[in-house]
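**Q** OK, TrEMBL features for this one:
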type    : residues     : note
BINDING : C:52, C:200  : substrate binding site
BINDING : C:127, C:173 : ATP binding site
């Protein structure tokens, strides 16, 4: 029988977030062309440091120094794919965690082939919407474009399979987020549908998940906390804004103002 | 004798917009590096779905699935040009409309040669400022950089020639926008000069025009409606903001809040 | 004995700014992928015109037409490096000033090698944080990532050496900015630490410095004025905003509203 996962307790989220704020990490972001500014600003608002270093030689050098690596295939092309592979190899050698955001992996062959190759390179975490996680797990999906058609709970079994096969934490995000290591799960609530009308909120979440993967302690809790931080601030920003334009400023302000106590 | 075109009637604009909102399209955007985030956010605010898929193989695959394709040559380079050609060919085979935004085509040889080649590939629509449309039509222009020096009405004859030669709708935008199929024209008013102080408002308009090209019905009306939607929301945002910084949020909010009745 | 530089007098800043507003320049920006939109919007808010032309052939053609050229190596890769070299050579031949922003040059070999090559190509100005300027001058630095660990005053001797060796104005920016031609210096105060929580404020400053390099008159005063304009507007924006999200809109609005008298 299928059991709906428990919600991440606020005390755990607060403890993880406290650790994050005490030593904000440096994140190497190899992400898509569209969302780089928002991704950087989300990390900066939380106190972390983003850097985008893209030439293969430098990307490898920098991954050894950074605390975590983000790989987002939204605008994958051949030369950037080369940089990603160099950065991942260097991160793995230096024992630095890296995260995969398999944007729109469902219907597009080139990135699907690349993403399957990346799955063999030991990602610490994978963050996607339901259709992306289902596609990556090997099940079929009918997703069209980058917006998910499936409910995230429907994708949880696929997320568990993917987590077990890769040894990664998998976060399948949507109206409710589910985070699993294949055996244990957390649910995270919050956020608002308005966030789907702002490009890059999911991609920025992946950057924050990558950042939280660099923390010590239980990685399942850390990844779930990243999701909770973004959902809570998304909810607060929605309450204060008049639409998707004013959302972004309110969201970044909320991330900047977030305190440990807010998560309890 | 030269007749000044009539203004697009609000009833036509409202009908087109209603159709758009009932089935918001998925737009494949191959656009310039500077404006990708705003372009995506404008489409999202209107309820449409943007996607940027750039590797040639994938770009072709995706153009067959998307409802329309945007080609913007603002930061054209050799490898992206290859992706554009692959995407256009696939769109044409799948009978999906594509739009050309010939950014700064006036003074730069590399993009001018490329744009002339694109004109032979049956664009559904072309959107540019006066100097760009004049340059593309084969007439001389003295434009310097991307900001137009010419009034859009001066460019209307060139727009008509271009439309007739290409079988495309041509929108020449400025203080007043003129939209022509070579024989029939519409004028669209609204907007504000402040929009020229925000990068990408014209490029985002081109994305919206591409989106409206995917609608059934009279394409001249559809393209003119896209221009009217953006001009009206630009005007509303200007009335509410304190400068070009606060304009952007107000503009996206206005696009998100726009209802059919507002166009009447 | 080390003398702390004098603060740029408001009368000089006002005179330079007045000149800028009377004939706002066209700036060719070859900058990093993350900050292009903000860079363009900052220039537009001040009344200047940005353009990003990236294919080598076009980049060279455009540099001859533009009033100044910005070179920012934040996301340097091989093909863009080629464009930069073509643009710099064309700018030098046409006697147009160009500025180097040596982002994160401290710890990364590929860009350090490239930056050292650029130093031989007669930049009109160099703008960086303390660790970048120290690294570029040949001294050692322990900077990690793109955020500077050193105070800008500590880097002033390195800035003077770099300025003398290159025949360039060097601006080392931080809590206080120092601008030097190797012999004469100005200090510029203002700004706020919140600006370090918004990606691209430093990169946009470099674009503004490039723009002011195109003015006639004393280039040391012109560069220092660019720094003062940004610091003053950053300070005003900080006073009006609620965090790094709302900062950006307030900053662009402040730049747009700035009048000569405000600098006195």
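For all residues, glycine too, the Cβ spot is worked out from N, Cα and C.
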**Q** Give me the CA-CA distance between residue C:127 (ATP binding site) and residue C:200 (substrate binding site), in Å, as a whole number.
**A** 13
**Q** Quick one: Cα separation, residue C:200 (substrate binding site) versus residue C:173 (ATP binding site), in Å?
**A** 14
**Q** At the Cα level, what's the spacing in Å between residue C:52 (substrate binding site) and residue C:173 (ATP binding site), rounded?
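**A** Checking the Cα atoms of residue C:52 (substrate binding site) and residue C:173 (ATP binding site) gives a distance of 25 Å.
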**Q** Give me the count of other Cβ atoms within 10 A of the Cβ belonging to residue C:173 (ATP binding site).
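**A** Within a 10 Å radius of the Cβ of residue C:173 (ATP binding site) lie 28 other Cβ atoms.
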**Q** Take the Cβ of residue C:52 (substrate binding site) and count every other Cβ within 10 Å, whichever protein chain it belongs to.
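**A** Step by step: centre on the Cβ of residue C:52 (substrate binding site), count other Cβ atoms within 10 Å, giving 25.
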**Q** With DSSP assignments reduced to helix, strand and coil, which class does residue C:200 (substrate binding site) get?
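**A** In three-state terms, residue C:200 (substrate binding site) counts as coil.
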**Q** Going by Cβ pairs closer than 8 Å, show me which of the binding-site residues C:52, C:127, C:173, C:200 neighbour chain A.
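**A** Filtering C:52, C:127, C:173, C:200 for a Cβ under 8 Å from chain A leaves C:200.
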**Q** When DSSP states are folded down to helix, strand and coil, where does residue C:52 (substrate binding site) land?
**A** coil
**Q** If you count the other Cβ atoms within 10 Å of each Cβ, which of the binding-site residues C:127, C:200 comes out on top?
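**A** It comes out as C:127.
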